[in-house]
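Novice: First the structure, then my questions, so here it is.
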Amino acid sequence: MLKDKNIILGVCGSIAAYKSATLVRLLVKAGANVKVILTAGGANFITPLTLATLSKHPVYTQYFEEETGVWSNHVELGLWADYMLVAPTSANTLAKMATGLCDNLLTAVYLSAKCPVLFAPAMDLDMWKHESTQANIEKLLSYGNLLIAPGKGELASGLYGEGRMAEPEDIVLFLLETISKGLPLSGKKVLVTAGPTYEAIDPVRFIGNHSSGKMGFAIAERFARLGAEVTLVTGPTAEKSSLQLNRIDVVSAAQMLAACEKEFRKAEIMVMSAAVADYTPVTTASQKIKKSSSEFNLELKKTEDILATLGKLKTENQILVGFALETENEEEHAKDKLIRKNLDLIILNSLNDKGAGFKMDTNKITIFNKAFEKTVFEMKSKTEVAKDICDEILKLV
Ligand code: CTP
C-alpha cells in the first residue's frame, strides 16, 4: 500500500528523533519515496547524513542550502507529497502548526501541503498535559490533521507517563490504516458546476456575467481533499486547480446543461454553483454584426434551468445543492428556490453583504435545509466557505 507513495517526513527537536531513522527505513522498505525535512532542533539529535543515507534523498534543513546554493521550494515539496508525517512533533512545532507560524522549511511545507498530514507528538509529561498543548492538538485535529497519539512509558527526563512518541512500527501501521480507511468521501462521485456562461451574440460578442468561478473551484477542491472523485463543469474562467479534478470546460448554458445531463447519473452529490445565463440570444449571427441602424434590439429566450432539470431527474440517493444569489427578500427567494428546484440544501448569498459575491475572495453564506432550518455563517475566505458547505453536505451523506 505504501509502494510509490511520496512521503514527507518532518523531524523536530526531540530525543525521539533517533527513532526517525527506523521510521525512514520501514517506509523505504515498504516501497515509499521518503524526503526528510529536519528542523534545526532535530539536527541536534540526529544527523542529516543518517537520514539522507536511509531515505536515499538529500535531507532538507532550510529554505536555502548555503553550501550548494540550492533553494528548497516549499510549495513544490508540499505538492509532491501524498502524505506528510511529522514525527516527532515537538511542542514548539505543534504550536507553530496550530497557529500558522512559518519560520522554517518544515512549517512552510506544512502550510503548503495539500495532502493528509499525520503528526506524532513527543514531549515530556507536563508539556504534553499542558492546556496550551492540548488546545493546539484540538486545533490541528479541527483542521483535519491526524494525531498519532503518544504512548505511556519512561521519558527521557526520567518521569513516567504520557508523551513518548509512538513506536516507528505503530506509526507505519497508523499510516497504512489511514490509507486503507481513506477519507470521508473516498469512492464517492461529486459533480460541481462553476463560473459564468457566455451566450454568443455573434462570433465576437457574448452575454456574460462577472462570476470568477472561485467559489465553485474551492468547493470542487474541498471535495477532492475529502477523497471524492470530482467532475467540475466550468464556464470560462482563469481559475486553475493543482488537484486531480475531472475538468470539463464549457462556454454556453446549453453546453453546461449537456455536460451535466451526461455526468449527473454517476454522481451522488451535485453542487450547482455556476452563474448560468438565464437568457440567450434567439439566434447567433454567423458573421460579426455591423453597426448600421441607431438602435439595436436583441431577442432573447430563456435558457433551461440546469439545477431545476437535475432536481426533476434526481433519485433518492442523490444530494442536490443549489445557490441563490439575491438582492432583496433574500430568505424568501432562497426557500422558494429550494422547493421549486427540489433541492436538499440551498446556499444563500446576498449582494447586500459587503465582501460577498462575484470576483471577491471572501463570501458570506446562509444555508437552508429542506426543513427550512437555517445556518448563518460569518464572512470568510472562499476556501473556508467551501469547507463549511462541504461539512453541511457531509451531514446528509
Ligand atoms: N441555475 C442553473 N441553471 C440556470 C440558472 C440557474 O443551474 N439556467 C442554478 C445556479 O447554478 C444556482 C441556482 O440555479 O445554483 C440559482 O441561481 P440564481 O441565478 O440565483 O436563480 P435563478 O433560478 O436564475 O432565479 P432568479 O434569476 O429569478 O433569481
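From the backbone N, Cα and C atoms, a Cβ is placed for every residue, glycine too.
Sharing the features that TrEMBL gives for it:
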{"type": "REGION", "residues": "1-189", "note": "region 'Phosphopantothenoylcysteine decarboxylase'"}
{"type": "DOMAIN", "residues": "5-177", "note": "domain 'Flavoprotein'"}
{"type": "DOMAIN", "residues": "185-395", "note": "domain 'DNA/pantothenate metabolism flavoprotein C-terminal'"}
{"type": "REGION", "residues": "190-397", "note": "region 'Phosphopantothenate--cysteine ligase'"}
{"type": "BINDING", "residues": "D278, K288, F323, K337, K341", "note": "CTP binding site"}
Novice: What kind of secondary structure is F323 (CTP binding site) part of, going by DSSP in three states?
Specialist: strand
Novice: Rounded to whole angstrom, what's the largest C-alpha distance between any two of D278, K288, F323, K337, K341, listed as binding CTP?
Specialist: 38
Novice: So what pLDDT does the region 'Phosphopantothenate--cysteine ligase' (190-397) average out to?
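Specialist: Summing pLDDT over the region 'Phosphopantothenate--cysteine ligase' (190-397) and dividing by its length gives 94.
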Novice: Enumerate same-chain residues with a sequence separation of six or more from K337 (CTP binding site) and a Cβ-Cβ distance below 8 A; give 'none' if the list is empty.
Specialist: G322, A324, L343, I346
Novice: Select, from D278, K288, F323, each of the binding-site residues with a Cβ positioned under 6 A from at least one atom of ligand 1; if none does, say none.
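Specialist: Checked binding-site residues vs ligand 1; flagged D278, F323.
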Novice: According to DSSP, folded down to helix, strand and coil, what is K337 (CTP binding site)?
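Specialist: Going by the DSSP assignment, K337 (CTP binding site) falls within a helical segment, counted as helix.
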Novice: Count the other Cβ atoms sitting within 10 Å of the Cβ of D278 (CTP binding site), across every protein chain shown.
Specialist: 14
Novice: Tally every other Cβ atom lying within 10 Å of the Cβ atom of K341 (CTP binding site).
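Specialist: Its Cβ shell of radius 10 Å holds 20 other Cβ atoms.
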Novice: What's the number of neighbouring CB atoms sitting within 10 A of the CB on K288 (CTP binding site)?
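Specialist: The answer is 10.
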Novice: Taking the Cβ of F323 (CTP binding site) as the centre, count every other Cβ atom within 10 Å, in any protein chain shown.
Specialist: 24
